[in-house]
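Listed features, source TrEMBL:
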{"type": "DOMAIN", "residues": "8-216", "note": "domain 'Plant heme peroxidase family profile'"}
{"type": "DISULFID", "residues": "Cys26-Cys215", "note": "disulfide bond"}
{"type": "BINDING", "residues": "Pro68", "note": "substrate binding site"}
{"type": "BINDING", "residues": "His98", "note": "heme b binding site"}
{"type": "BINDING", "residues": "Thr99, Asp139, Thr142, Asp147", "note": "Ca(2+) binding site"}
{"type": "DISULFID", "residues": "Cys105-Cys128", "note": "disulfide bond"}
Amino acid sequence: MRRKVAFLMEEIRDKVHTACGPTVSCADIMALATHDVVVASGGKPYHVPLGRLDSFEPAPLRFVEELPPRTFSVDQLITAFRSRSLDEKDLVVLSGAHTIGKARCATFSDRFPNSDSDDFVRKLQDNCTADVNRRQDLDVTTPEEFDNKYYINLKQGKGVLTSDVQLLLNETTREYVNDFADNEWWFWNQFGSSMSKMGMLQGPQGNVGRIRQQCY
């Protein structure tokens, strides 16, 4: 899947740069492509901040390791998001991107030791036992639609990743889960706001970089 995304990004960059010259960064292409995937999957359009430059070199490993892993507790997730000027609402609504997409069994196998007390986790484990290469839908209800079913699934005990389930264990994040489950329009509107907010974030040196001639 990563290879397919890389090829698609490079194909888009080649067409844009052939038509317009090297005027659009890979970072902007990725942001616009993400927006279009959301809309094509049934979500609503949102403002995409543009003008970001590409880094001069790949991010240092220490920066990559700062990305919150799927096994984080809710308190760790909140701390990680706050360190990037994102609050609990941003955490919950951006997690809602899991309404589309898939995950390999290894990404949620940490939940299997508790399968005896959870029918849904037991089903996940049984599916993975039957096919270790299985790619599990993160939204088990409408996996190809950008809607609020992710939150409804969470309330029904059908979250796939540990980081998904953790959103129910904090009063503030749980309230947002309930609110987005009850109001799809608010989820769509807030998702756009949080994506725009995240798109405005910059590194410690600001928007410094270049427009790459090759994305991958």
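Note that Cβ sites are derived from N, Cα and C of the backbone, with glycine treated the same way.
It should be emphasised that the depicted structure is a prediction, and the values quoted were computed from it without experimental measurement.
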For the domain 'Plant heme peroxidase family profile' (8-216), what is the mean per-residue pLDDT, to the nearest integer?
92
Most Cβ neighbours within 10 Å: which of the disulfide-bonded residues Cys26, Cys128 is it?
Cys26
Could you say which of the binding-site residues Asp139, Asp147 has its Cβ with the most other Cβ atoms inside 10 Å?
Asp139
Within 10 angstroms of Asp139 (Ca(2+) binding site), Cα basis - recorded positions out of His98, Cys105, Cys128, Cys215:
His98
Closest of Pro68, Thr142, Asp147 to Cys26 (disulfide bond), Cα positions, binding-site residues only:
Pro68
Sorted by position, what residues of the same chain at least six away from Thr142 (Ca(2+) binding site) have a C-beta under 8 A from it?
Thr99, Lys149
Within 10 angstroms of the C-beta of Cys105 (disulfide bond), what count of other C-beta atoms is obtained when all protein chains are considered?
18
Which are the residues of the chain, Thr99, Asp139, Thr142, Asp147 excluded, whose CB is within 8 A of where the CB atoms of the Ca(2+) site average out, their centroid?
Ile100, Thr141, Pro143, Glu144, Glu145, Phe146, Asn148, Lys149, Tyr150
Between Asp147 (Ca(2+) binding site) and Pro68 (substrate binding site), how far is it from one CA atom to the other, in Å?
24
List of residues, in chain order, with Cβ under 8 A from that of His98 (heme b binding site) and at least 6 apart:
Leu138, Asp139, Tyr150, Val160, Leu161, Asp164
Provide, as an integer number of angstrom, the distance between the C-alpha atoms of Cys105 (disulfide bond) and Pro68 (substrate binding site).
19
Including all protein chains shown, what's the count of other C-beta atoms within 10 A of the C-beta of Cys215 (disulfide bond)?
19
